[in-house]
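Colleague: Below you'll find the structure I mean.
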């Protein structure tokens, strides 16, 4: 009954995940999982610990090859890429999907600016004639390298890291490292940005700053965002669309208000015995009926 | 020692320190006597009847005990108080020792070093005469510069890309044999074969690179080690081509761009053309400038590459390979270019080596050479050209210096050959340097780009790479 929703909503999907399954030996980490992310929206993937969210991310960004299923990335120009067939670096390079990591992976020995320049590797490689022309100081590379510093400056400013540009990335405080990782991913000029728990370990003020940064990214660059998050203040505040995963299966899919009130989600998060799930559903439906909203357990996006 | 009549405050410390130093020196002497009395003091030998007999070496034992006692005395009485006083003065002044304005020497270190290298051969000729300069220019100058170049080449693979390569000497061998074989069989000149040798070595770098791409860390190190041995064993066993352990001899000398040659019989001999007395020193001086140029080329290319996307990708690869892949960097080609570039400089150095020796054999390319080159890179500070050059001077120059230390025979007896202790001292030096400077002589790295001010990145942030 849940899977039916995937077909009802399709304005302009940027990412389409269909029947994704991932098996590690005897463990079915993801089981027949389908969802869509709409272009220009912030889609959140939530679920209890161990639900398989990061596995889904790793499948989308090519770090795992899924056992089954199809992941289609549709770019602005209408060009389509089957992500499960591309090697990981080509997913960023050609399909324009960038990602961050749950445990921050910065180049800690390089400066903040260098981190952002490494992210522009492919553009700079082309401009430097694959190193050879650049080695002889051709002007095209000089121009490209100036442009790359301009782009880095833009994202340094957005992530409010300009005054720390020349410090080693490993020297930054935790919150700044999170922002830098997002800025670095944006320097690859992606169409879809995948964030794995960007608010983990942030204090409330830093979380607010993160919300502003993510909204800015969406409105200023038109980049769609897919994020995994446990911090509900972030998820409910900024996301347009929430997908809930439990034990590798989708249990809910809809807008934040809908998901928040979905009894299955409540059951998954608060923990209800399996035989009580139907009871809870019945109870919630009853309450809903009396209030006058005829929302069933299937997610209809308003 | 205690002087009762003196004021109690300041001078009281002085005699007590000396007394303590004397006491500790006495005990140090006693301990070393106990330790060395059997190890060093007793010597066994066979007499004329082939019987094993022993005798005491009192003189040598006394030297050992004396060194221990005097060393301990000096340390306790003078060195340690001086260090403590300096530390105290520093703490009192309250200023951190990181002032930005360095001394004149420090600021212009590179220029001074380059000028010193350029005038090194003429100065040594002036000091020791044409024939006497051979020792200084060849044994010290060329020998050290070859290792500087090899270490700078390996630095690209180990220091920048973070791929631990224990078989680097294989590329050195490929370069040397390329020159040796192609010049003896086809009579090609040094200046044609120098780039060719580099290209061959780079190809071998790629050939080695392919199978080891998936390996990391210890596994990579073992496979590269095996690769180095494979090349050496091929050189030994492929006797039809390489002449096996006999090696290739009579390799043509390099000429000054084909204008002047250094062959004795040639009509355009350098010494003859300029009416100078015949000497092999001119060839060595010429080679000194060739290797100096090759070193400068290596340094220039490395510095340029670090500011290019490929160089940054190497360093990023050292820091975090997974993050690299998530940024769309093709780690396969990045690793291969690192291997190939490093190998190319090894190949240049190899062909130079063959031209200098006039003879190559597999014995020059044993594992210990790889280990020495790697040790120089690690001691110098991975990624730092200056640090590596200093480490090469200390390590290679130091071992060459040991050969010249004949005065040690006066202390340790006429049987003492200092160069036999080369590896012992090499190892000891490495342990000491790693204890006091765990990141090598130059532990910090200079960023390849900056926005406001260029600040060096402390070694505590950089990673060594996982292979």
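In case you wondered, yes, glycine gets a Cβ from its N, Cα and C as well.
Owing to the predicted nature of the structure, the values given are computational and were not obtained by experimental measurement.
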Colleague: Quick test of your reading of TrEMBL: among B:25-46, B:245-266, where does it put transmembrane segment?
Modeller: B:25-46
Colleague: Please identify the range among B:219-238, B:319-338 that TrEMBL labels transmembrane segment.
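Modeller: Comparing B:219-238, B:319-338 with TrEMBL, transmembrane segment matches B:219-238.
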Colleague: What else in the chain is close to the transmembrane segment (B:186-207), if you only count residues 6 or more beyond its ends and a Cβ gap under 8 Å?
Modeller: 170-172, 174-176, 178-179, 231, 252-255, 257-258, 336, 339-348, 350-352, 355
Colleague: If contact means at least 3 Cβ pairs within less than 8 Å, sequence distance 6 or more, would you call the transmembrane segment (B:144-174) and the transmembrane segment (B:419-436) in contact?
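Modeller: Contact between the transmembrane segment (B:419-436) and the transmembrane segment (B:144-174): absent, because fewer than 3 Cβ pairs are under 8 Å.
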Colleague: Are there residues at least six beyond either end of the transmembrane segment (B:419-436) with Cβ under 8 Å to its Cβ atoms? List them, or say none.
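Modeller: Sequence-remote neighbours of the transmembrane segment (B:419-436) are 372, 375, 378-379, 394-395, 398-399, 402-403.
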